[in-house]
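Peer 1: If you look up Swiss-Prot, you'll see PHE22, THR56, PHE57, GLU58, ALA80, VAL81, ILE82, MET113 marked as 5-amino-6-(D-ribitylamino)uracil binding site, on the strength of sequence analysis. Residues or ranges marked as (2S)-2-hydroxy-3-oxobutyl phosphate binding site by Swiss-Prot: GLY85, THR86, ARG127. Feature annotation from Swiss-Prot assigns active site, proton donor to HIS88; the stated evidence is sequence analysis.
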Amino acid sequence: MNVYEGSLVGTGLKAALVVARFNSLVTEQLLVGAADALRRHGVADGDVDVFRCPGTFELPAVLRRVVATGRYDAVVALGAVIRGGTPHFEYVSAEVTKGVAHVAMEAGCAVTMGVLTCDSMEQALERAGVKAGNKGADAAAAAVEQANVLRAIARAPARKAE
């Protein structure tokens, strides 16, 4: 049995962080956490680019363009959708999730999602590093691991049909 796994060593990886400006009190903390996680896993600061878009709904379009450049091994989407009094929360959350998943399926690189979908600002801040860890950092670490597993798959020897 051959096992292919990604490592959490990001040395030599090029990464992009795509961050929504809306709910910036939360998204800036996600960005700080993601950048710190990349650094801790060996990705050089000079190998990380940050792209900002207006809101979380716009993330998939920007992700698609960033991925299409072919310059990155790992791309991380960062945003926050906070429930309000209308069904807008459900629509945005669902469409962003579908959009990021679609980009990830078609990408030739690792694409991960650090988008919070929370019931309150307090809950979002907790998940952005105040109490419950930083989901931006988690998404960045997952991107490093995913980039490495994709590299391992690309290097795997071809098997002859029996």
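Glycine is treated like the rest: Cβ placed from N, Cα and C.
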Peer 1: Please name which of the recorded positions listed here, GLY85, THR86, HIS88, ARG127, is nearest in space to PHE57 (5-amino-6-(D-ribitylamino)uracil binding site), Cα against Cα.
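Peer 2: Nearest in space to PHE57 (5-amino-6-(D-ribitylamino)uracil binding site), counting only the recorded positions, is HIS88.
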Peer 1: Provide, as an integer number of angstrom, the distance between the C-alpha atoms of ALA80 (5-amino-6-(D-ribitylamino)uracil binding site) and ARG127 ((2S)-2-hydroxy-3-oxobutyl phosphate binding site).
Peer 2: 10
Peer 1: Could you say which of the binding-site residues ALA80, VAL81, ILE82, MET113 has its Cβ with the most other Cβ atoms inside 10 Å?
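Peer 2: Of the binding-site residues ALA80, VAL81, ILE82, MET113, the highest Cβ count within 10 Å belongs to ALA80.
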Peer 1: Within the chain of GLY85 ((2S)-2-hydroxy-3-oxobutyl phosphate binding site), which residues six or more apart in sequence place their C-beta under 8 angstroms from its C-beta?
Peer 2: none
Peer 1: Among the binding-site residues listed here, THR56, THR86, which has the most company in the form of other Cβ atoms within 10 Å of its Cβ?
Peer 2: THR56
Peer 1: Counting only residues 6+ away in sequence within the same chain, which have a CB under 8 Å from the CB of PHE22 (5-amino-6-(D-ribitylamino)uracil binding site)?
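Peer 2: The answer is PRO54, GLY55, THR56, GLY79, ALA80.
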Peer 1: Listed (2S)-2-hydroxy-3-oxobutyl phosphate-binding residues GLY85, THR86, ARG127 - what's their greatest C-alpha to C-alpha distance in Å?
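Peer 2: This binding site's residues have a maximal Cα-Cα distance of 23 Å.
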Peer 1: For the C-alpha pair, I'd like the distance in angstrom between MET113 (5-amino-6-(D-ribitylamino)uracil binding site) and HIS88 (active site, proton donor), rounded off.
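Peer 2: It is 20 Å, counting Cα to Cα.
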Peer 1: Would you identify the secondary structure of THR86 ((2S)-2-hydroxy-3-oxobutyl phosphate binding site) according to DSSP, in three states?
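Peer 2: Assignment for THR86 ((2S)-2-hydroxy-3-oxobutyl phosphate binding site) reads coil.
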Peer 1: Drop a 10 Å sphere on every Cβ of the recorded positions HIS88, ARG127 and tell me which sphere holds the fewest other Cβ atoms.
Peer 2: HIS88
